[in-house]
Amino acid sequence: MNVIMAGIDYTLAPIDIREKFSFTKSTLQAVYNDLLKNENIFGAVIVSTCNRTELYLSCEEGLYINPFELLCDAANFDYEEYSNMHVLRTGVDVIRHLCELACGVKSQIWGEDQIITQVRNAIELAREMNASDSTLEVMFRIAVTSAKKVKTTLKLSSTERSIAYSALKIIKSKENISKALVIGNGEIGRLMASILIENGYDTTITLRRYRHGDNIIPLGAKTIEYVARYEKLKDCDVVISATLSPHYTLEIDKIDRIKYPRLFIDLAVPRDIDPKIKSLDNVELYDLDSIYAGEVDKNRTEQMIQVKKIIDKYIFDYYRWYEYRKRLVLT
């Protein structure tokens, strides 16, 4: 078996570097097509989240290749410039890492639940784009299954340690904040709006299209069209942006000319909010790195021992499958 992975994550690079390696669904197909032109690469899966971008490859036995070089090529960056910001894993270290990743124990917020869906979505998208092979399919399925077992056996996370609740904690620590604007009606945006409403904040959420059936609107939320977001800034105390846009949703040149709130929270990668905004008078800007700073779980060491015990069983199952498949090929 020759599986290799390489990637960049929050432990290796700050958000301004990580966001350069984020891929949209529309760009992934081209990346996969280029990767699979190499006849020695049988399958590829890219896991791209707000905190990491990782490339998993199933290759010809004996082939040595650094997937991070391929990621740099796909993102049109010089590998040498970022060569000290990535990690490379091979063999059993790959599946162990993937299992731990799916369990949430490699996340900035220990044990968070969103990553298991992101891992599942990564393999599903690779399959849809004809990029995965049986080795990666089984490896990702094993990782997701092991994560489900960990989640049902151990209590690793609580709602208070999710990204939205971490943002809420920041908002609650500030005085005189009652009106919030959430930019983005995706999963994180809706969750953020719902949590704000539950905690008594007057909350407005942006919609790209205001037609019945096109958007899910959190109960109790007010709505405005996305194009009206700058005008709405005049009437809010905090703005939270959580979109998948490749461009800034808020630019300093447009904000500087209007009355603006003093608290901005950016939950996106690539970042939604122009980082220059923090240079404005009396403004605080939080991005994912600053939101997660200081998140500590005192029980991690003991919990990690239990997680590894569960994962080991699934890693054994994977290798048993692989050896069985290899014998079938030889007979």
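Placed from the backbone N, Cα and C atoms, the Cβ positions cover glycine too.
Note that the structure is a prediction, hence the values are computed from the model and not measured.
As recorded in Swiss-Prot:
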ACT_SITE  CYS50  active site, nucleophile
BINDING   THR49, CYS50, ASN51, ARG52, SER107, GLU112, ASP113, GLN114, GLN118  substrate binding site
BINDING   GLY184, ASN185, GLY186, GLU187, ILE188, GLY189  NADP(+) binding site
SITE      HIS97  site 'Important for activity'
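Features recorded in Swiss-Prot, as mapped to the structure shown.
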| residue | record | DSSP class |
| --- | --- | --- |
| CYS50 | active site, nucleophile | coil |
| HIS97 | site 'Important for activity' | helix |
| SER107 | substrate binding site | coil |
| ASP113 | substrate binding site | coil |
| GLN118 | substrate binding site | helix |
| GLY184 | NADP(+) binding site | coil |
| GLY189 | NADP(+) binding site | helix |
Same-chain residues six or more away whose CB lies under 8 A from the CB of SER107 (substrate binding site)?
ASN51, LEU101, ILE115
Roughly how many angstrom lie between the C-alpha atoms of the residue listed as 'active site, nucleophile' and GLY189 (NADP(+) binding site)?
14
Alpha-carbon distance [HIS97 (site 'Important for activity'); GLY189 (NADP(+) binding site)] in Å:
29
Return the single residue from the binding-site residues list (ASP113, GLU187) that has the minimum number of other CB atoms within 10 Å.
GLU187
Do me a favour and check the Cα-Cα span between GLY186 (NADP(+) binding site) and THR49 (substrate binding site); whole Å is fine.
14
Which of THR49, ASN51, GLN118, ASN185, all binding-site residues, has a Cβ with the fewest other Cβ atoms inside 10 Å:
GLN118
Using a 10 angstroms cut-off on Cβ to Cβ distances, just flag whichever of GLY186, GLY189 is the loneliest among these binding-site residues.
GLY186
Sorted by sequence, non-GLY184, ASN185, GLY186, GLU187, ILE188, GLY189 residues with Cβ within 8 Å of centre, NADP(+):
VAL182, ARG190, LEU191, MET192, ALA242, THR243
Rounded to the nearest Å - Cα separation of ILE188 (NADP(+) binding site) and THR49 (substrate binding site):
13
Give me the CA-CA distance between GLY184 (NADP(+) binding site) and THR49 (substrate binding site), in Å, as a whole number.
17
To the nearest Å, how far is the Cα of GLN118 (substrate binding site) from the Cα of GLU187 (NADP(+) binding site)?
12
Cβ-Cβ distance under 8 Å to HIS97 (site 'Important for activity'), same chain, at least six residues away:
MET5, ARG89, LYS106
Length of the line joining the Cα atoms of ASP113 (substrate binding site) and ASN185 (NADP(+) binding site), in Å:
20
Which whole-number value in Å describes the distance between the Cα atoms of GLU187 (NADP(+) binding site) and THR49 (substrate binding site)?
14
